[in-house]
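Structure record follows, encoded as structure tokens.
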Amino acid sequence: MGRAFEYVILGGGVAAGYAALEFVRRNGGASSQELCIISDEHFAPYERPALSKGYLLPQDAPRLPAFHTCVGSKDELLTEEWYNEHGIVLVLGTRVISADVRQKTLLTSSGETISYKTLIVATGARAVKLEEFGVSGSDARNVCYLRNVEDADKLVGVMRSCPGGNAVVVGGGYIGMECAAALVTNNIKVTMVFPKKHCMGRLFTPKIAEFYESYYASRGVTFVKEAAVTSMQISAGKVTAVNLGNGRRLPADMVVVGVGARANTGLFDGQLVMENGGIKVNGRMQASDASVYAVGDVAAFPVKLFGGDVRRLEHVDCARRTARHAVAAMLEGTGSVGHIDYLPFFYSRVFSLSWQFYGDNAGEAVHFGDLAPPGDGDGAAPKFGAYWVRDGRVAGAFLEGGSRQEYEAVAAAVRRGAAVADVAELERRGLAFATQATGGGGKPTCAWHATVGVAAAVSIAAFACWYGWQAPYVLKRDF
């Protein structure tokens, strides 16, 4: 038993939805048996950032279908009906257990063989489990990870089961920081444990990290840094305490784990070239086998801004843009679509804070603005940032509390590699270095993370609020 398609998208995350929309807009829809999306989830593709933000709100939290792709970029809401109307076959709740790149076939767990002429791999990444560090207990009823709706539903259920209880958050990265904020908002006491000296160690400078740690502490979060979980005490299928390598024992009514992710490349090991933990692709998002493209978290692609260095970037913006580019390259033919020119972009919003980062945090960090801890200032909303200067040019920029124009200005400074003649002068001018170079930011070309055509579910303003904790400004970056 089997089916054959011209194009198959393997994976049902953010990238799959944006690839489907790009396909329809360039191709006018899909004819019978032309395009298929295979996903092991039971839902059409959706905007995953909502899971660590609005989905965890104590009141009026959104649920599907309100945040299917592509509402996160102020575009169409792609429900299952949309896919049907445009001739796209959704194969949901289906796991692919093997792939044969040479034969161009995929074998599902039900025994069906699905063949393709062109494959887009959008398998994303999986959460790293504690067992990979020699700690058992991930199957406990109150231990939570966060990658999909099923995980988020478990997290919500566990939170509601222990109001006012103690949560241990293992990990100091994106998931840890955003989940910790959500737990506090749900009236749960939070202790964060991670092995580094500061939170967000892969991105933040120590100065920036100290600000956010102080802010979180002012909201009741306790930090246990430079410490690792060695075991968990379990009773009746639930964790009751977390034991650390330094001898401390932390009482726990629930545990949230965010210790990293690994790209889902296993189906293609030994068949496609890998690099940096992902499937290596060229600037057209094409893998070592010309019939295969890879997008999103699973793709390792050359970043022009970094001199063509191959990077794997785990963020929703990258998933959206690489998906669109791959479909454009796939449909337009060799040579007609150039290589992707991506400006790396990351953001987060927690409590009343909102930051964005562009480029690369390589080189000398030059801070600006007021990084005074909460309670030390005048009560105004914080606004500060940093530039990273490498070889006399701006390689990256971070900004907390910016306006639309200001975010656009710092992004433009990174994109053009603004020249820095004097680091001391850069520190003195701070944000003005970027905004004055663009005439005060110019006309905003940015948009709220909002939605069109979903008024029956939520208003545009309400969607913007829960999608990004009063969503961040997101640039429509065409430069």
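A Cβ is built for glycine as well, from the same backbone N, Cα and C atoms used for every other residue.
What Swiss-Prot records for this protein:
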type	residues	note
TRANSMEM	4-24	transmembrane segment
BINDING	Gly12, Gly13, Val14, Ala15, Glu41, Arg48, Lys53, Arg147, Asn148, Asp297, Val316, Tyr347	FAD binding site
TOPO_DOM	25-445	topological domain 'Peroxisomal'
BINDING	Gly172, Gly173, Tyr174, Ile175, Gly176, Met177, Glu178, Arg202, Gly260, Glu314, His315, Tyr347	NAD(+) binding site
BINDING	Tyr174, Ile175, Gly176, Met177, Glu178, Arg202, Gly260, Glu314, His315, Tyr347	NADP(+) binding site
BINDING	Arg320, Arg349	L-ascorbate binding site
TRANSMEM	446-466	transmembrane segment
TOPO_DOM	467-479	topological domain 'Cytoplasmic'
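Closest to Arg320 (L-ascorbate binding site) in space, going by CA atoms and restricting to the binding-site residues Gly12, Val14, Gly172, Tyr174, is Val14. Of all the binding-site residues listed here (Gly12, Val14, Lys53, Asn148, Arg349), Asn148 has the Cα closest to the Cα of Gly260 (NAD(+) binding site). The secondary structure of Gly172 (NAD(+) binding site), as reduced to three states from DSSP, is coil rather than helix or strand. Taken residue by residue with DSSP, Arg349 (L-ascorbate binding site) is part of a strand. Whole-number maximum of the Cα to Cα distances across the FAD-binding residues Gly12, Gly13, Val14, Ala15, Glu41, Arg48, Lys53, Arg147, Asn148, Asp297, Val316, Tyr347: 26 angstrom. Distance between Cα atoms for Gly12 (FAD binding site) and Tyr174 (NAD(+) binding site): 22 Å, as a whole number.
Counting other Cβ atoms within 10 Å of each Cβ, the lowest count among the binding-site residues Gly12, Gly176 belongs to Gly176. Checking the binding-site residues (Val14, Lys53, Asn148, Val316, Arg349) against Gly172 (NAD(+) binding site) with a 10 Å Cα-Cα cut-off leaves nothing. Counting Cβ atoms from all protein chains shown, Arg349 (L-ascorbate binding site) has 20 others lying within 10 Å of its own Cβ. For the NADP(+) site listed in the record, the two most distant Cα atoms among Tyr174, Ile175, Gly176, Met177, Glu178, Arg202, Gly260, Glu314, His315, Tyr347 lie 17 Å apart. Distance noted between the C-alpha atoms of Glu41 (FAD binding site) and Gly176 (NAD(+) binding site) is 24 Å.
When the Cα of His315 (NAD(+) binding site) is compared against those of the binding-site residues Val14, Asn148, Arg349, the shortest separation belongs to Val14. Taking the binding-site residues Val14, Val316 in turn and counting surrounding C-beta atoms within 10 angstroms, the largest count is reached at Val14.
Between the alpha carbons (Cα) of Val14 (FAD binding site) and Glu178 (NAD(+) binding site) lies a span of roughly 19 Å.
In terms of Cα spacing, the binding-site residues Lys53, Gly176, Glu178 that come within 10 Å of Arg349 (L-ascorbate binding site) are Lys53, Glu178.
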